[in-house]
Amino acid sequence: MGREFGNLTRMRHVITYSLSPFEQRAFPHYFSKGIPNVLRRMRACVLRVVPPFVAFYLVYTWGTQEFENSKRKNPAAYENDK
């Protein structure tokens with residue numbers, strides 16, 4: 001069927017280029033270019049993301065407060081009780 005790995009057939013007219021793993025850097029320019037790029041992207045989309053979260057928070061707090069107030073009894077209804 002075919003040869004085993006390590007003893008494969010030789011292919012002609014195929015050129016491959018590779019870089020040694022010892023010459024590669026794991027995180028090149030991670031702190032000098034990566035973090036500022038993240039901050040730039042966050043600043044660009046903050047006006048698209050933050051307003052819905054603020055609106056949801058305000059609606060949620062208002063709804064929770066109204067729910068708690070609706071569970072309370074009206075003290076004026078029990079003024080004449082002994």
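Placed from the backbone N, Cα and C atoms, the Cβ positions cover glycine too.
Feature list (source: Swiss-Prot):
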type     : residues : note
MOD_RES  : LYS33    : N6-acetyllysine
MOD_RES  : LYS33    : N6-succinyllysine
TOPO_DOM : 1-39     : topological domain 'Mitochondrial matrix'
TOPO_DOM : 69-82    : topological domain 'Mitochondrial intermembrane'
TRANSMEM : 40-68    : transmembrane segment
Task: Grab the same-chain neighbours of the topological domain 'Mitochondrial matrix' (1-39) for me: Cβ-Cβ under 8 Å, and only residues 6 or more beyond its ends, written as numbers and ranges.
output: none
Query: Near the topological domain 'Mitochondrial intermembrane' (69-82), which residues from the same chain, at least 6 beyond its ends, have a CB less than 8 A from one of its CBs?
result: none
Task: Around the Cβ of the residue listed as 'N6-acetyllysine', how many other Cβ atoms lie within 10 Å? Please give the count over every shown protein chain.
output: 10
- request: Summarise the topological domain 'Mitochondrial intermembrane' (69-82) by DSSP state, stating how many residues are helix, strand and coil.
  value: 7 helix, 0 strand, 7 coil
